[in-house]
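See below for the structure under consideration.
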Amino acid sequence: MSSQYSNVENLSPQTIRQVMKELQDMESTPPEGIKVLINESDVTDIQALIDGPAGTPYAVGIFRVKLTLSKDFPQTPPKAYFLTKIFHPNVASNGEICVNTLKKDWKPDLGIKHILLTIKCLLIVPNPESALNEEAGKMLLERYDDYSQRARMMTEIHAQPAKCGAGASDAKDDDGPSTKKHAGVDKKLQDKKKEKLLKEKKRMLKRL
């Protein structure tokens with residue numbers, strides 16, 4: 001695995017303040033189906049949980065994504081990765097995401113929220129014409145039912161709520177990013193899920 005490093009010392013104080021403000025705004029008023037995970041010690045390491053959109057093969061899943069800001073941000077776009085393993089035409093084997101917003105359509109005034117919403121939209125409308133996963137792109141165009149079944153199966157295996165942290169490491173490849181800094185957040189989320197399930201079980205037992 002390649003070494004991971006931070007560009008936080010290379011960003012201007014103004015950019016750091018701007019990014020942190022946007023992250024805090026999203027934390028207090030999250031976009032629908034998106035939960036941002038703030039790493040206050042390194043604003044260049046941005047992670048979020050995205051709910052699989054209804055009506056798609058990803059609907060039952062929660063997907064962890066990572067944005068890595070370059071030292072020239074916002075003049076140059078960040079790199080985006082799925083940390084949760086996913087079968088999608090526009091996601092490479094190491095999780096890297098291919099979307100025009102982060103390539104030719106990038107503008108410095110586009111914020112983190114816009115990027116995360118674009119990634120969520122990519123789950124609804126994949127673009128097989130610019131596929132990083134050629135198998136998924138070809139399958140989507142020629143055998144959609146098979147594509148949908150494969151994507152749904154991968155979602156059920158890797159993108160379940162209890163795996164939103166543990167499953168992240170499954171998507172790491174040689175060039176994939178690390179998730180260690182957010183391990184504490186993962187544990188809190190999983191503990192809440194377990195507590196909720198326990199309460200539901202107790203309620204069901206009382207009804208018997």
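Placed from the backbone N, Cα and C atoms, the Cβ positions cover glycine too.
Here is what Swiss-Prot records for this protein:
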- 14-160: domain 'UBC core' (DOMAIN)
- Cys98: active site, glycyl thioester intermediate (ACT_SITE)
- 161-196: region 'Disordered' (REGION)
- 170-196: compositional bias 'Basic and acidic residues' (COMPBIAS)
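The Cβ of Cys98 (active site, glycyl thioester intermediate) has Asn90, Val91, Ala92, Ser130, Ala131, Leu132 as same-chain neighbours under 8 Å, each 6 or more residues away in sequence. The residue listed as 'active site, glycyl thioester intermediate' falls within neither a helix nor a strand when secondary structure is assigned with DSSP, and so counts as coil.
Per-residue confidence over the domain 'UBC core' (14-160) averages out at a pLDDT of 95. Shown for the domain 'UBC core' (14-160): DSSP residue counts in helix, strand and coil, namely 58 helix, 25 strand, 64 coil.
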